[in-house]
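Trainee: TrEMBL lists these features:
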| type | residues | note |
| --- | --- | --- |
| BINDING | 9, 68, 145, 146, 147, 148, 176, 196, 197 | substrate binding site |
| BINDING | 34, 36, 68, 174 | divalent metal cation binding site |
| ACT_SITE | 36 | active site, proton acceptor |
| ACT_SITE | 174 | active site, proton donor |
């Protein structure tokens with residue numbers, strides 16, 4: 001079972017202090033920073049792109065940018081994100097017709113490859129071939145496109161289905177996750193947690209990060225038996 005990783009969602013940060021906000025999260029114990037890239041096509045919202053990521057990468061040495069690509073034609077942005085310092089490129093299965101070739105292109109630029117599924121997409125959309133090629137699988141527990149939505153518990157069984165099929169993969173959950181919803185995600189087998197407001201809005205982000213991480217680690221004991 002892969003180790004617990006907390007990836008604070010930068011979408012919930014103060015964009016006017018973006019570099020400082022990322023440093024604050026890393027100081028608080030975050031290993032990854034979740035960067036939501038939206039293009040106004042795959043989802044109706046527009047957030048940040050490669051130029052912003054590049055600035056963050058230069059300002060925060062060693063940052064691991066977990067880039068969630070909510071974009072149409074994700075094939076077109078691999079080089080830009082790699083050049084900007086992206087560490088992991090996670091695309092939506094719904095946005096491509098050749099996931100394996102895209103994973104290979106991502107690996108060719110020395111990034112980890114992630115595959116995301118939206119709430120209405122079954123876990124079976126991630127075939128054995130795709131799952132084996134990817135480094136991370138992302139189960140969305142809100143509809144992609146904007147922060148602050150309510151957690152969709154009906155998506156959690158997909159985490160358990162994927163964990164059963166891919167016991168050694170990083171499995172990420174994103175959307176409405178915080179101290180009140182972490183248990184069900186961890187018990188289903190998620191080891192990478194994206195949380196936005198729950199961390200950035202907390203008086204003590206380091207305490208929230210530590211608590212989320214501890215919950216995952218505790219839940220993992222049942223998988224190792």
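A Cβ is built for glycine as well, from the same backbone N, Cα and C atoms used for every other residue.
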Trainee: For the C-alpha pair, I'd like the distance in angstrom between residue 68 (divalent metal cation binding site) and residue 145 (substrate binding site), rounded off.
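Mentor: For residue 68 (divalent metal cation binding site) versus residue 145 (substrate binding site), the Cα atoms are 11 Å apart.
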Trainee: Can you grab the distance from residue 34 (divalent metal cation binding site) over to residue 145 (substrate binding site)? Cα atoms, rounded to a whole Å.
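Mentor: Distance between the two Cα atoms comes out at 14 Å.
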Trainee: To test your reading of the divalent metal cation site: which residues beyond 34, 36, 68, 174, same chain only, put their Cβ within 8 Å of the Cβ centroid of those residues?
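Mentor: Sorted by sequence, the hits are 7, 9, 11, 35, 66, 90, 138, 194.
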Trainee: I'd like the number of other C-beta atoms within 10 A of the C-beta of residue 68 (divalent metal cation binding site), please.
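Mentor: I get 29 for this one.
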Trainee: Would you mind checking how many other C-beta atoms are within 10 angstroms of the C-beta on residue 34 (divalent metal cation binding site)?
Mentor: 27
Trainee: How many Å separate the Cα atoms of residue 36 (divalent metal cation binding site) and residue 9 (substrate binding site)?
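Mentor: Roughly 7 Å, rounded to the nearest whole number.
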Trainee: Using only C-alpha positions, which one of 9, 145, 197 is spatially nearest residue 174 (divalent metal cation binding site)? These are the binding-site residues in the record.
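Mentor: Nearest listed residue in space: 9.
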Trainee: Across all chains shown, how many C-beta atoms besides its own are within 10 angstroms of the C-beta of residue 36 (divalent metal cation binding site)?
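Mentor: The answer is 24 other Cβ atoms.
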Trainee: Of all the binding-site residues here, 9, 197, which one's CB has the most other CB atoms within 10 A?
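Mentor: Of the binding-site residues 9, 197, the most buried by Cβ count within 10 Å is 9.
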Trainee: When a 10 Å sphere is centred on the Cβ of residue 145 (substrate binding site), how many other Cβ atoms does it contain?
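Mentor: Total other Cβ atoms inside 10 Å, all chains included: 16.
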Trainee: Within the chain of residue 176 (substrate binding site), which residues six or more apart in sequence place their C-beta under 8 angstroms from its C-beta?
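Mentor: Long-range Cβ contacts: 141, 142, 149, 150, 151, 152.
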